[in-house]
Amino acid sequence: MRERFLSTVRYKSGVLLLFSLSLLLCLVLSAGSCPAANDEKAAAASTAQAKDKELTPEEEQKLKEAKAEAEAKAQEALKAKEERAAELREEQDAAAEKKRQEAAEIAQDDPLKDIWAGQRTMIDAVIKESASLSESFLSDTSVLEQIRPVEQDIRRLLIMVNEFKQWPSPLEAVSRRLSISADLVHSILLTAAGPQLSARKLLEQLDSSVESMAELSGSHVDETAEYLSKINTARFLLTAVITRYTSALAPASALLDRVKATRAEISKKLPELWMNYYTQAPVAWLSASEWASVPRNLSYFTTGLSLRKSVELPLTTSQWQGAAVRFIITFLSIGSLSVLLVNQFLQGMPKAMQQVKRYSLPWNVLGVSLIAASYSQTIEPFRLFMALGNISLIFGQSLLAWELRRIKFPEVTVDRSPLLALMPLTICAYVFIYLPLPRLVTLILWLTCVIISIWRCRKTPKLDLGKMQMEHSIRDMQPLVLWPCLILCLVGFHFYSMALYLLYSSVSIAIQISVASLSVLSRLNESLNNDDTRTMFASFILALAAPVVLLLSVAIVSLWLATLPGGMDLLQFYIFKSVNIGSTQLNLVQVLLIATAFFLARTAARMGKNFIAKLPSRGVKVDPSLITPMQTGYTYVVWCLFGFFVLRSLGMNLSNLAVVAGGLSVGIGFGLQTIVNNFISGIILIFSRTLQVGDVVEVGTVVGRIKQISVRATQVETYDSAVIYVPNSAFVSGNLTNWTSNSRTTRQQVVVGVAYGSDPQKVSKILLDIANKQSDILAYPQPVVQFQNFGASTMDFRLLFWVRDYDLGLRVASDIRYAINARFAAEKIEIAFPQMDVHLKQDAAPARRTSSLPQPKTGQIRRQGRPRRVIARKPL
């Protein structure tokens, strides 16, 4: 009881103590939350206590001191607050003053004032310059008086255009003279139109100023209006100047437009006129009237030469100077480069190098320099320079081709090219076509030259050219070409005859140069040390042989044709003349580009495949199984790019391929399903690496080695050396067995039956010993012998072994059978075979025993033992 009482008292005491501590904590927190009012509370508490009871003098003194201290603290706090407010006002006043100063500085440095000042100065200068241009108008346009004589010349030429509208040679000369006169008028117009161009630039500047003023008009309305007024005044003055110059230059500009239109019309008509000129009716050289017109036509010879002088040669001093500069620069640069190339590629062949430097190189450099001198940026080429350059190139090309050919055939002792025999008649054809002789005179002269050439061919002995069969063939073809040329002359078509012989000469030289160039490249290929590089370079040469010969032939024939009168016009017309094939237009340039792109694509595909095939041998870490897919993918990419190039060259928009694809989808659904199925299956086989070249596969009844995987079918070579083309879809849709997909090793088995009574352990040991002695059988996995079955008359054993290569399986199995037969014979182990005796009981004939030996199954060796089965048949 006492303990219960004590526990109750302790509990209540604890509760009271906890309550007291909580109350004290609340008082402390409430007192600390208002520290600024502590003194006032203390004073109020003292006052309240004084009211409740009277204070002692000491207490009153303390109360007064506390009150005074509280008032002093309050005054100090108020003073600090006022000081803080004053500092804040001073900072605000300072910031406002700083902003006012910045605003004043900005106002003092306002860029608008400079803009206005600059605009005012510019407008004043424009007004002064406009007045100056207006005052100098008469003096500036006085140079237009120089156009009057040129204008009269142009008008005479325009009249001559109508007179010679059916004659290409004088019409071409008139067009060239019109071009020269038009250039002179244009230069005078540029001099006279200089002030007009200046006025236009000033007017454009004022227009831009008006736009900038419109942006600034909001802040300076009065000043903007003043400036705009001055700008309008300046624009009016400039417009008036431009109008006066335009009216003064209008006649000359109209004359230039007329000349330009006339020359464009002449250029459009010239190809047809030249074609009519070269394909005109035959010359009636047996007609008396034709011979009677020869003197009159010869009188036109000098006139024709004077007309063509502007086409053939430079007329002004500046044109002669430009041609001379181009000739010297080209001669020095091409000559130096040619010497360096000859020294580089003909090292070790001093005789050939000297021959090239002495004969062919000067002629070729001279020809290229003359052709370069004939071209100009302002006018058309000078035909005489081009003709002389082409003749020089003919000699140079023939000599160069011969020297390059002799590098391959050093045993030939002939110093000069046998094709030089073609040059005299070729030059005669050039001269006769070039000169404006009467047609009858040209025919007689050409006929005489052809007859002399035929006589020379019969009298000239045959050269000993050794193994140079190509030169022999070209020389032997010359009479075959000359006789048709003679026949054409006799019927009056002398232009056709000359064209035929020029074509024969140009093509012969082009072929000789192409073959010689290829032989030099082959010799360069032989000098390479790396076998792989030599192989790739050789394939590159062989692949480019056809396009090189084609392009060189076309280039040489085109150059020869371009130097003839009207040749450039005919080339430009017929090279770019399109032939409509359906909705597609095709010209000669496109055909040459497509043919060249085809040979380049084929070359790129071949070289790329060789390069990819040799990547492992060059140290590149690549899975050999990826070689074939990489080659196939690269080939597809190259030919797809070629296909896109062809479509683009033919003018087909590649965006239309969607329409083509839609049409193909319909075609695939009806007739191309099998082809597309094989194509897709081929891509799957190549890139999934299900099959690779060299794999041994079994599909259906076909067993053989993969030889090639193409787009449509896969070539499978059987062990009978027959090639079977299996559609690619058969590999994807049917059951396919790839015997060498994982590795070339394969498991083989040999089955043998021994007679009952033989020792099975001994047989197994012998079989394992025979297998272990074969070098082509793998040691791991180890050969295994299985006691397969108790046969009807044999104990059957099966020997399982792994061969290191699938192709060795049949041979190893055969060798093992030979060894088993020999070993069993030595060990007295009998290979059993089935045997059956049949006894026939008849009165007329004795019983007869027959033996039947059925053939064993393929891949097994089965032998039966001695047991016999006797069948007795009852007589009927």
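Keep in mind that glycine also has a Cβ here, set from the backbone N, Cα and C atoms.
All annotation found in TrEMBL is predicted automatically rather than curated by experts.
Per TrEMBL, the feature compositional bias 'Basic and acidic residues' maps to 50-103.
The compositional bias 'Polar residues' annotation in TrEMBL covers 849-858.
Feature annotation from TrEMBL assigns compositional bias 'Basic residues' to 863-876.
Residues or ranges marked as domain 'Mechanosensitive ion channel transmembrane helices 2/3' in TrEMBL: 635-673.
As annotated by TrEMBL, domain 'Mechanosensitive ion channel MscS' applies to 674-740.
Counting residues per DSSP class in helix, strand and coil order gives 34 helix, 22 strand, 26 coil for the domain 'Mechanosensitive ion channel MscS C-terminal' (750-831). Feature annotation from TrEMBL assigns domain 'Mechanosensitive ion channel MscS C-terminal' to 750-831.
Marked as region 'Disordered' by TrEMBL: 45-106 (among others).
According to TrEMBL, the region 'Disordered' annotation covers 844-876 (among others).
Marked as signal peptide by TrEMBL: 1-36.
Residues or ranges marked as transmembrane segment in TrEMBL: 323-346 (among others).
According to TrEMBL, the feature transmembrane segment maps to 358-376 (among others).
Same-chain residues lying 6+ beyond the ends of the transmembrane segment (382-402) with a Cβ under 8 Å from its Cβ atoms: 308, 311-314, 323, 356, 359-371, 373-374, 376, 416-420, 422-423, 426-427, 430, 434, 505, 509, 512-513, 515-516, 556, 559-560, 562-563, 565. As annotated by TrEMBL, transmembrane segment applies to 382-402 (among others).
Here TrEMBL flags 414-434 (among others) as transmembrane segment.
The transmembrane segment annotation in TrEMBL covers 440-458 (among others).
Annotation source TrEMBL lists transmembrane segment at 479-496 (among others).
For 536-561 (among others), the entry in TrEMBL reads transmembrane segment.
With DSSP states grouped into helix (H, G, I), strand (E, B) and coil, the domain 'Mechanosensitive ion channel MscS' (674-740) comes out at 21 helix, 26 strand, 20 coil. Beyond its flanks by at least six residues, the transmembrane segment (479-496) meets 278-285, 433, 439, 442-443, 446-447, 450-451, 453-454, 457-458, 504 of its own chain at Cβ-Cβ distances under 8 Å. The average per-residue pLDDT of the prediction over the domain 'Mechanosensitive ion channel MscS C-terminal' (750-831) is 88, rounded to a whole number. Away from its own ends, the transmembrane segment (414-434) comes close to residues 387, 391, 394-395, 398-399, 401-402, 442, 445-446, 449-450, 453, 456, 460, 463-465, 471, 474-475, 478, 495, 498, 501-502, 504-505, 508-509, 512, 563-565 of its chain (Cβ-Cβ under 8 Å, at least six residues beyond either end).
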